[in-house]
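Novice: The structure is given below, and queries will be raised subsequently.
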Amino acid sequence: MVDVNKFESMRIGIASPQKIRYWSFGEVKKPETINYRTQKPEREGLFDERIFGPQKDWECACGKLKGVFYKNQVCELCGVQVTTAKSRRERMGHIELAAPISHIWYFKGIPSRMGLALDMSPRALEEVIYFASYVVIDPKETDLEKKQLLTEREYREQLLKNGFGSFVAKMGAEAIQDLLNDVDIDKEVAELKEELKTVTGQRRVKIIRRLDVLSAFRKSGNALSWMVLNVLPVIPPDLRPMVQLDGGRFATSDLNDLYRRVINRNNRLKRLMELNAPNIIVQNEKRMLQEAVDTLIDNGRRGRPITGAGNRPLKSLSHMLKGKQGRFRQNLLGKRVDYSGRSVIAVGPTLKMYQCGVPREMAIELFKPFVMAQLVKKELAANIRAAKRKVERQDSDVWDVLETVVKEHPVLLNRAPTLHRLGIQAFEPVLIDGKAIRLHPLACEAYNADFDGDQMAIHLPLSEEAQAEARLLMLAAEHILNPKDGKPVVTPSQDMVLGNYYLTMEEKGREGEGMIFATPEEVEIAMRNGYVHLHTRIGIATKSLNKPWTENQQDKILVTTVGKVIFNSIIPEGMPYLNEPTDVNLTTSTDDRFFMDAGQNIKEVLAGIDTVRPFKKGYLGNIIAEVFKRYRTTATSEYLDRLKDLGYYQSTLAGLTVGIADIPVVEDKHEIIDAAHKRVEQITKQFRRGLITDDERYNAVTGVWRDAKESLEKRLIEEQDLTNPIVMMMDSGARGNISNFSQLAGMRGLMAAPNGKIMELPIISNFREGLSVLEMFFSTHGARKGMTDTALKTADSGYLTRRLVDVAQDVIIREDDCGTDRGLVIADIATGKEMVEPLFERLVGRYTRKSVLHPETGEMIIGDDTLISEDIARKIIEAGVKEVTIRSVFTCKTPHGVCKHCYGINLATGDAVEVGEAVGTIAAQSIGEPGTQLTMRTFHTGGVASSSDITQGLPRVQEIFEARNPKGEAIITEVTGTVESIVEDGATRTREITVKGKTDTRSYTVGMADVLMVEEGEFIHRGAPLIQGSIEPKHLLQVRDALSVETYLLGEVQKTYRSQGVEIGDKHIEVMVRQMLRKVRIMDNGSIDVLPGTLMDISDFEALNETALLNGEMPATGRPVLMGITKASLETNSFLSAASFQETTRVLTDAAIRGKEDHLLGLKENVIIGKIIPAGTGMFRYRNIEPLADLTNAPEVKEVETETVEN
């Protein structure tokens, strides 16, 4: 066997008849499979042991030669070679076809490769191949033309006219094979290239397509005639198995039926030809054979598919590769693995961040070989077999050994669907009783897990290297930050938030208010003995608290609460004392207003300070981010565990409960409702009088009810009591939001009808009062629509992620610095007055391309090619800089990847990105994972606000990445210049905008309802939109350059995600958008050997041009092409990756003709062939490490004799 990790590349081609015979171990002559009495394979049949190898290891068919001793010997009696039964998965057979047969992939594919090679239409080909017409192969002296089609009648007439043998015309694939053999590729290519110089239009397109196919055959060394089969390969029998079911019946793979049809028809044809049967019978048999082979290769490609029992189409060879259940996606890209298990998850509140609970029963099975080895080593079992029996009996000493084996051996936990890389993390197992896996509560957010019956899979890394990687790179305690935005992904939720919120609350006048303590210990004693409450405001000596005070805060008394003293006791030393939820308090120091001198009256001080709001969920997230920034992972995960324990403990003590009486009643609700009813009546009257249109009436009515609901909500917020448990849950961010609260206490408001339109009748009741039957019925529409939308959205979002991963999977950090001199100018992204993404967020963690100077003083804030930290970014913003030129993925010159400087920091670690990081896959996951949070709907405004429906949410993201023509397209100007005039035309309800440039003037017609983006006299650059809407990126690319398009797409994706409250780092979108513009279409090939119209990678194009210029030749010219992600995935250089994505047969047909070579640069192609992926620690530069010193001639080291001392 070839060592899979050694070979460099993989090539695919068309098999010649000689090659097929060389692969084969014998000819299959009979359609028989297995003898039903003896259960042995029939001779010369589809399962023959002589051809395909023995059914039992090291044993021939008759049983004469048994055992490894006879390895590779051939039995004289039965003729079977003694070898392993596994050879039945490798040895092929063949069928000698009685007539040539066309291969359906090359004849039927689009475009038909056979048709292009012969310059015949696919219809003509079909008529010839399926025996409907003759084709003239050699007209000799007659007035016929070569490749002319003749019907049966015309053929006979020509024979009568010209005499027998005066010309050669044939039918069937045989005729096509003769024609293909006649083609002189070099001559044809030369003629076509000459013709190409003069022709234009459709003819030019056709010539280029023919040239493409012919030169592909010439370069790859495939012969044209190989597209017609004379020999048919038979795949190994274990790949098309036949198994006996209970009750003596057999289940067989469809391929066996298909092969049987081919063999039957082939044998019948041979017999007919031997008998010299009439021509018409032989022709019919040949046609049937052609159809049988077509069905075997690709059932259903031509005509109706052949069906088996129950009208199910049979699965042909092509179907074995295609789709989700095909060979590529089912068996090569995703395999089932050993050393794994799955179980329901339960919460493990006592675990540390890096631990998970594994049930003993599960662990004993997972770690079985390790336990067995240890039992033998400790001499608790004589040999491995005895150890195995011991483990299966579950003897008492097995459990002790298990404890030692499990220690420090990390396991991987995975929850499906794995939407991003945090869906698989490593934990140290802790053995537990029960049958559920215990999961740390803070790991839930990364997995999107809850404990309502979710299941998780557990996997065991086996090798030392795998264990080391799991521990160092995948341990859950290391994954504090989310790769998509660099914010903490482990934020406390629910009970933890509630506990800490309750702990940091303040109340005036609680017992013991104004007491002053010397140390935190005294505070705790006082609280335990009931002198003070958690919420009591007290004083404490600053010097007893180990915190960084400012000079004038030392030796003073800090005014705080009992709970905050406890809360601050778990925060790492060196952090300020947190007394109020503000950023200043978190990053610099506690506010001076909370300090008093030793002699002051504390009651007076307390009277002058308002109560401070408690710490909510968002603030806890900020604290974690700050702790991480200062102390990195280890300290942060320790702090998180303390925070979790404190939160659970305090919420248990607080014992917050919810009863129906906790839902407040708004006193004047009926007044608000009555006012709304009256307003609706007025609007209806106006409509009846014809003062307003139906659309306006509808919008006004829904607006009234929206206002009514909002005023109720406002009343609720104004009157809310912060000690009310429901309000506490909502306010702290533990559970629920204002919308849930107003449905409980205010009114449910307007509902959506099944078609998505808002119904005019609102639900006036709330859940506390209870809904009427009619209201209940109304509200079910919206609820059902919500459920279906979610289900559809999940599928859509998953498919988007799959396409994104496919297009970017080979983008890896390949080098430290590409040395580019280009950069990207960035500023705030904003729509009108609304800020989408501020400059600050875009700067952090990127490298500068030009120095940034202070706009007023001119001093340098940061130099060229330097990493921008948070502090420097803040300085840049404070200096009032509006634009910065940074290194960007868009302008990176690294082929097949990105360099460290153009990418910036790795958001998941906060440090510089490592060479080998698979940034493409991370980018795809970061964009795909929040896809489910985006909305599905295209917003239909009531026909008033704007004329076009603007696509938003998930459909908009797909529209951008697939480079489709957007809905609600904006017209853009093609010239740079001044807006000369905007003229309205009342008759056609349009406006004409004239833009005058330096050289030419253009006019654009827009509708009256379109919202203008320009004014008369305004100076605009080409590519600027004239009206509101989405720009079509392909049009923008024609008008401007690739970088403008990339910048526009980046902004559009950010707008879509940020409008839904999802933050994604720019660099992820940059990686994806760059992949859409990787290709160049050759316009003029210069002196380079490529055809005009060819698509090429930018890096290859530049390299070829460089070579041409150095040799003093004409370089080629090309223009950048914007491709949607699906198209870009299929145009990748790797045929394995493309074939496993979509359109498998088309990709493979094309690759075979071109004799394509896959250099295995990306991740997918390496997974498919089972090679270690070239990313991370599998990167070439980490795998092939050269030793620094040559130690071959080093002096010998003498062995030192040692003795063991037994104690």
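For all residues, glycine too, the Cβ spot is worked out from N, Cα and C.
Quick caveat, the model's predicted, so the values are computed rather than measured.
Swiss-Prot lists Cys60, Cys62, Cys75, Cys78 with the feature Zn(2+) 1 binding site, giving sequence analysis as the kind of evidence. Per Swiss-Prot, the feature Mg(2+) binding site maps to Asp450, Asp452, Asp454; the stated evidence is sequence analysis. What Swiss-Prot records for Cys818, Cys892, Cys899, Cys902 is Zn(2+) 2 binding site.
Are these features on the surface or tucked inside, and what are their neighbours?
Specialist: Classification of Cys60 (Zn(2+) 1 binding site) by DSSP places it in coil, neither helical nor stranded. Within the same chain, residues at least 6 positions away in sequence whose Cβ sits under 8 Å from that of Cys60 (Zn(2+) 1 binding site) are Glu49, Pro54, Lys66, Tyr70, Cys75, Leu77, Cys78, Val80, Gln81, Val82.
Look at Asp450 (Mg(2+) binding site): DSSP puts it in coil. Cβ neighbour count for Asp450 (Mg(2+) binding site): 12 (other Cβ atoms within 10 Å of its Cβ, all protein chains included).
The DSSP secondary structure for Cys899 (Zn(2+) 2 binding site) is strand. Counting only residues at least six positions away in the same chain, the Cβ atoms of Ile813, Arg814, Glu815, Asp816, Asp817, Cys818, Cys892, Lys893 sit under 8 Å from the Cβ of Cys899 (Zn(2+) 2 binding site).
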Novice: Cα-Cα separation of Cys62 (Zn(2+) 1 binding site) and Asp452 (Mg(2+) binding site), in Å?
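Specialist: Between the Cα atoms of Cys62 (Zn(2+) 1 binding site) and Asp452 (Mg(2+) binding site), the distance comes to 59 Å.
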Novice: Taking the Cβ of Cys62 (Zn(2+) 1 binding site) as centre, how many other Cβ atoms lie within 10 Å?
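Specialist: So the number of other Cβ atoms within 10 Å of Cys62 (Zn(2+) 1 binding site) is 14.
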Novice: Just to confirm: which same-chain residues, 6+ apart in sequence, have a Cβ under 8 Å from the Cβ of Asp454 (Mg(2+) binding site)?
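Specialist: The list for Asp454 (Mg(2+) binding site) reads Val344, Ile345, Arg415, given in order along the sequence.
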Novice: Once the DSSP letters are reduced so that anything not helix or strand counts as coil, what is Cys78 (Zn(2+) 1 binding site)?
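Specialist: DSSP assigns Cys78 (Zn(2+) 1 binding site) to coil.
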Novice: Using a 10 Å radius around its CB, how many other CB atoms surround Asp452 (Mg(2+) binding site)?
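Specialist: Excluding its own Cβ, the number within 10 Å is 5.
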Novice: Going along the chain, which residues six or more apart from Cys902 (Zn(2+) 2 binding site) have their CB under 8 A from its CB?
Specialist: Cys818, Thr820, Tyr847, Arg887, Ser888, Val889, Thr891, Cys892, Thr894
Novice: Could you tell me which of these binding-site residues, Cys75, Cys892, has the greatest number of Cβ atoms within 10 Å of its own Cβ?
Specialist: Cys892
